[in-house]
Amino acid sequence: MKIAIYPGSFDPVTLGHLDIINRASALFDKLIVVVMHNVSKKPIFSVEERKEFLRRTTKHIKGVEIDSFGGLLADYAAKQGACTIVKGLRAVSDFEYEFQMALTNRKLNPEVDTVFLMTSAEYMYLSSSMVKDIALHGGNVADFVPAEIESEIIARIRKDG
Ligand code: ADP
């Protein structure tokens with residue numbers, strides 16, 4: 001059984017993330033989307049909210065599970081018996097950081113490799129921070145976030161963002 005993990009902050013999940021989840025789920029028997037909660041970014045949504053958004057928007061995709069973790073990704077991969085870490089790559093600016101992370105994770109756990117999926121062109125500039133910024137300033141995020149969570153995201157960001 002080929003198990004992969006797709007880590008991120010998902011604060012909140014965007015159509016760019018879902019595109020990667022859809023495509024990665026077709027490559028593995030099981031894809032665990034894992035909300036990492038030890039990242040330095042200050043999230044707006046709680047880990048539980050982020051997991052709930054992910055659950056609702058991926059429930060129709062076969063082989064996808066949602067989890068959260070705070071610690072070393074290499075340890076989490078070992079615990080789950082995962083052979084692969086999936087990451088999405090947008091612009092060249094993502095590359096240096098991701099390259100460093102991939103080499104570090106391989107050093108920490110040589111059994112696990114990192115696989116990069118190129119963004120789809122329409123999501124090239126899409127990030128959770130951009131969604132938060134647009135929503136906070138009253139812009140339209142319909143093209144960027146899943147329809148089933150759009151109004152909740154907007155309401156929450158305008159209230160607490
Ligand atoms: P962000 O806050 O930048 O959206 P996350 O930590 O939530 O970042 O992202 C998790 C993973 O998803 C990372 O590997 C990131 O490169 C990837 N990703 C995020 N947005 C996109 C996108 N629009 N297209 C492809 N990959 C993406």
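Here the Cβ of each residue, glycine as well, is placed from N, Cα and C on the backbone.
Among the candidates Lys41, Lys132, Lys159, the one that TrEMBL lists alongside Ser9, Leu73, Lys87 as binding substrate is Lys41. Ranking the binding-site residues His17, Leu126, Ser128 by Cα distance from Lys41 (substrate binding site) puts Ser128 first. Other Cβ atoms within 10 Å of the Cβ of Glu98 (ATP binding site) number 16 in total over all chains.
Ligand 1 lies under 6 Å from the Cβ of Lys87, Leu126, Ser128, out of the binding-site residues Lys41, Lys87, Glu98, Leu126, Ser128.
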